[in-house]
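Straight from Swiss-Prot, the features:
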| type | residues | note |
| --- | --- | --- |
| ACT_SITE | Asp101 | active site, proton acceptor |
| ACT_SITE | His129 | active site, proton donor |
| BINDING | 100-106, 128-130, Arg393, 419-421, 502-504 | GTP binding site |
| BINDING | Asp101, Glu102, Gly103, Lys104, Asn126, Ala127, Gly128, His129, Thr218, Arg232, Gln312, Thr327, Arg391 | IMP binding site |
| BINDING | Asp101, Gly128 | Mg(2+) binding site |
| BINDING | Thr387, Thr388, Thr389, Gly390, Arg391, Pro392, Arg393 | substrate binding site |
| TRANSIT | 1-73 | transit peptide |
Amino acid sequence: MAMAAAAAVASQGLVAASTQQQKKTSAKLSCNAAPVFSGKSFLRVKSGSNGAVRVRNVGVRCEAQAIERESVKADTGSGREEDAFSGLKQVCAVLGTQWGDEGKGKLVDILAQRFDVVARCQGGANAGHTIYNDKGEKFALHLVPSGILNEKTTCVVGNGVVIHLPGFFKEIDNLESKGVNTSGRLLVSDRAHLLFNLHQEVDGLREAELAGQMIGTTKRGIGPCYASKAIRNGIRVGDLRHLDTFREKLDILFRDAAARFKGFEYSAAAVDAEMEMYVKYAERLEHYIVDTVDYVNTAYAEGKRILIEGGQATMLDIDFGTYPFVTSSNPSVGGICTGLGMAPNRLGDIVGVAKAYTTRVGSGPYPTELFGEEGEELRKAGFEWGTTTGRPRRCGWLDIVALNFACTINGFTAINLTKLDVLSGLPEVKLGVAYRTQSGEKLRSFPADLSILEQVEVEYETLEAWKEDITKVRSYAELPVAAQKYVERIEELIGLPCQYIGVGPGRDALIVKQ
């Protein structure tokens, strides 16, 4: 597709771009006869005068028209029909661009129907994904990949994930109680690290130590578990197959925590109780455990399609986020390679998910944050309370500076703009397009220095708002003109297409714009 060729971008330092993709062009292209998926109704995209898009240096004009079909098909112009998402490469990743909670799970759930394998590569139960099935039932997943609702998909929890088994089994029990069969469809890496209750306790003690400088952790034990991994006294899933040495390793973890934190008391009885619990877990987990590095790479060699579901988001990345107010893993593109054992040159499409505005849970700098009634109005409209913690999310305008930074790091090929419907009815909408220092100097990129970030003045563009309810819209052309201009201005500022546009929580509330 002309659009796909224009949008393809190499992952910086990871995926080598082809010479063709790197060439600059000013040619104007037309999107012709490409139906796209939107749940119950489908779209046929054709050339027209509506919806100008700038992709790198390529101008594209498209008009979407709704059609009805029994399945998602596309007219290729050669008499053959193909699925609207068939242009996606063998390996596709869906990553967050902001501070999490962008709605990645919904796109993964939709795309999972077209992929053989859905894999998670990093993070733990701090990644809350909310998805809905065809009956409208809500599922809040934290460890299990969102593709689990598609019965033909195999879900993989990779080596880069930290796993709290009590929570993991609770998710499985909840899924199966609602008729979702996980047997033989859910695989756990033998290299993944186990997250124990003591990690969660230590997480809370660490936050208490920081007092007024708290990071705002979810207290799910993610950081302490990755710390155990880094100092090499962590316990891996594969260790459950060697229970004769498991207690000794567990004892070391308990003693280490007691030595570090005054509030943590070591006792042999506590170690024994944990050991007794994990003997039971070992038996139940056994049929889930595999060498996922071998499984994923074998699946790739066999031509199977692999979808990678990112947890958290780029601005929470331990290397690129607002450190130290970040997570303890790499939710950016590099985490895919280290968290699954997949070579960089095998990565294909990388879709960045961004809310039409910005939210953040917990502490840390947030330049476009809205306070008072404005922030509360946006929070209520978007139901912005954390999936994992239930904490109210901080809300603000879309931060283009941060979004461009995420695009640079990850080499996204397209953007999934979510929750556009939340902006309906607001008196005005704004985009934070630049940062300026106190002296008025415009910053070239997102700063690492938090003292600078906390003092920047955001330069905004104010755009015309729209009053119409767009939750039933399934065609880009049917969006209010003001909403289209908002989308197109974002595309101009980041140089990428907003190919997927979310207009509501349900599976069908998606416009695919080609």
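Using N, Cα and C of the backbone, Cβ positions are placed for all residues, glycine too.
When other Cβ atoms within 10 Å of the Cβ of Gly128 (IMP binding site) are tallied across all protein chains shown, the result is 21.
If you measure from the Cα atom of Arg393 (substrate binding site) to that of Leu420 (GTP binding site), you get 17 Å. In the three-state DSSP reading, Arg391 (IMP binding site) counts as coil. Checking each of the recorded positions (Asn126, His129, Arg391) against Gly103 (GTP binding site), the C-alpha distance stays within 10 Å for His129.
Comparing Asn126 (IMP binding site) with Val503 (GTP binding site), their Cα atoms are 25 Å apart once rounded. Annotation note: Thr130 (GTP binding site) sits in a strand segment as assigned by DSSP. Comparing the Cα of Val503 (GTP binding site) with the Cα of every entry in Gly128, His129, Gln312, these being the recorded positions, the smallest distance points to His129. Least packed by the Cβ count within 10 Å, out of the binding-site residues Gly100, Gly103, Pro392, is Pro392. Ranking the recorded positions Gly100, Asp101, Pro392, Leu420 by the distance of their Cα atoms from the Cα of Gln312 (IMP binding site) places Gly100 first. DSSP assigns Gly100 (GTP binding site) to coil, not to a helix or a strand. If you measure from the Cα atom of His129 (active site, proton donor) to that of Lys106 (GTP binding site), you get 8 Å. Among the recorded positions listed here, namely Asp101, Gly390, Arg391, Pro392, Asp101 has its C-alpha nearest to that of Thr130 (GTP binding site).
Rounded to a whole number, the distance between the Cα atoms of Asp101 (active site, proton acceptor) and Gly128 (IMP binding site) is 8 Å. Comparing Gly100 (GTP binding site) with Gly390 (substrate binding site), their Cα atoms are 14 Å apart once rounded.
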